[in-house]
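Peer 1: My questions will all concern the structure given below.
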Amino acid sequence: MAAHDDDINRGTRPARGSEDPAGQVAYLEQEIAVLRRKLADSPRHTRILEERIVELQTNLAGVSAQNERLANTLREARDQIVALKEEVDRLAQPPAGFGVFLQANEDGTCDIFTGGRKLRVNVSPSVELDDLRRGQEVMLNEALNVVEAMQFERAGDIVTLKEILEDGERALVVGHTDEERVVRLAEPLLDITIRSGDALLLDSRSGYVYEVVPKSEVEELVLEEVPDIDYDKIGGLGDQIELIRDAVELPYLHPDLFKEHELRPPKGILLYGPPGCGKTLIAKAVANSLAKKVAEVTGQPAGKSYFLNIKGPELLNKYVGETERHIRLVFQRAREKASEGTPVIVFFDEMESLFRTRGSGVSSDVENTIVPQLLAEIDGVEGLENVIVIGASNREDMIDPAILRPGRLDVKIKIERPDAEAAKDIFAKYLTPGLPLHADDLSEHTGSREAAAHAMIQSVVERMYTESEENRFLEVTYANGDKEVLYFKDFNSGAMIQNIVDRAKKMAIKAFLEQGQKGLRVAHLLQACVDEFKENEDLPNTTNPDDWARISGKKGERIVFIRTLVTGKQGADTGRSIDTVANTGQYL
């Protein structure tokens, strides 16, 4: 179109060879005019083209951004499709099974137990065959080959170990229905010591036991560590302690002398007497003293002995045969410890609660089987070497006579209520010169703490043991009609003495907080003694006076009536029948 305009504007060019100069000049002038016009229009066209280029570049940038967004969307869609495909493929896969590893074979395969079958399968290269342990759970693919190692089973049935078989890899266990079964020991159990009576975790499907389960069935009844109590902390029982040392320590420390004299060591000791007089304390001190003696004999820095503290009432079980089984487990454990040459003390506290006279039961006859079980353990076919049975009771008359005969509980030691001299010894254990003593009391003894403490003890013991009107406690009537007045000293005990000292210490603390005067005074002890008596004025709290008297340590003629003679805050009490007493005392 532009070329056509140019041809019009230019006109017709003269023919070649034309001799008309005017025509040529006119043509050239037109050509020059056209060129001048084009030259004038050139910047405008250039500007238009530049604007067009900018517009195109802008459009190109927008299209590129849109293209990038589309590409990102496509990539995300592709990733989602791939993930969905993997999810579909995963959900479409057959379920993976589990099995229990039994053993590895030389050809690179292994034996497993799964689905009630024992199989020999291949192992994935990603699993180290040497790292698999007996009893370990493994994951299987659809071909039942091992593809991953798992943990050991953590759930199952509880069984009781009876014994380890000779190969050391199997065990005889007893289930909850007393059914015996031979099981395999998983590898974790091969590295530890397990003993008869331990509760084990059993996978009944594979027949493996995996771990020892802490079970309070026997553990809560047995305290194996030796108590940190020695004879020096026991006051007023020197003669009884000497008897126990002769019965317990001599046979173990000098077995050659006993053998030379053909003397059999005692199998058991019975500590009997009223409550709160130190029976349990002595039994604890026996184990500690024996451990120290063993250290002296063997030359070891720390001697070793075991103290099995059997809590009688907790040993009882409502199921038939369970109590007897617990007793067997206790003595089985004692034999295991004693087989190492270590002395073992089996202590039955409140012995009458377990081993009552056979036939004395009212609602049951459980003692008819419990007592023979203990007798069989003490002197049955299996002897007790290095095992000493100690029983404590405040109703020894209720214990079956077969247990108390010689050859079983040979040594019988009565723990009496403390007299005045024994009470001084007991007070000296709790009222020591190292306590904060009041300056006034110290000044009376020229500042000597030992003399002041001794004088305090002397004063409070005289207050407790004086047969005065204020110390009268009970009037008892015997079956023959005789009457007797009993004083508080007749019911004194080491536990009561400790309580009196503790009361006095609390009074001293309160006096310091209220008055600013620090130190224990003899007045605190005397007041504590009075408060202790007042608190226990309702101590006889049973409707059977004779039973109460037997528990309290009063033996002899049967008591048919008890009348209290305590001087109360309102003056002298005329006495009252025991049937009307409602409060509960501490020491029964």
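Each position is counted from 1, following the chain as shown.
Cβ coordinates are placed from backbone N, Cα and C, and glycine is handled just like the others.
Pulled from Swiss-Prot, these are the listed features:
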type	residues	note
REGION	1-22	region 'Disordered'
COMPBIAS	1-10	compositional bias 'Basic and acidic residues'
COILED	47-94	coiled coil
BINDING	GLY276, CYS277, GLY278, LYS279, THR280, LEU281	ATP binding site
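Tell me about the surroundings of these features in the structure.
Peer 2: Under the three-state DSSP scheme, CYS277 (ATP binding site) falls in the coil class.
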Peer 1: Would you list the other residues of this chain near ATP - those whose C-beta lies within 8 angstroms of the C-beta centroid of GLY276, CYS277, GLY278, LYS279, THR280, LEU281 - in sequence order?
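Peer 2: Close Cβ neighbours, site residues excluded: LEU271, GLY273, PRO275, ILE282, ALA392, ILE415, SER493, GLY494, ALA495.
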Peer 1: What are the non-local neighbours of THR280 (ATP binding site), defined as same-chain residues 6+ apart in sequence with CB under 8 A from its CB?
Peer 2: PHE347, ASP349, ALA392
Peer 1: Note the mean pLDDT of the coiled coil (47-94), expressed as a whole number.
Peer 2: 86
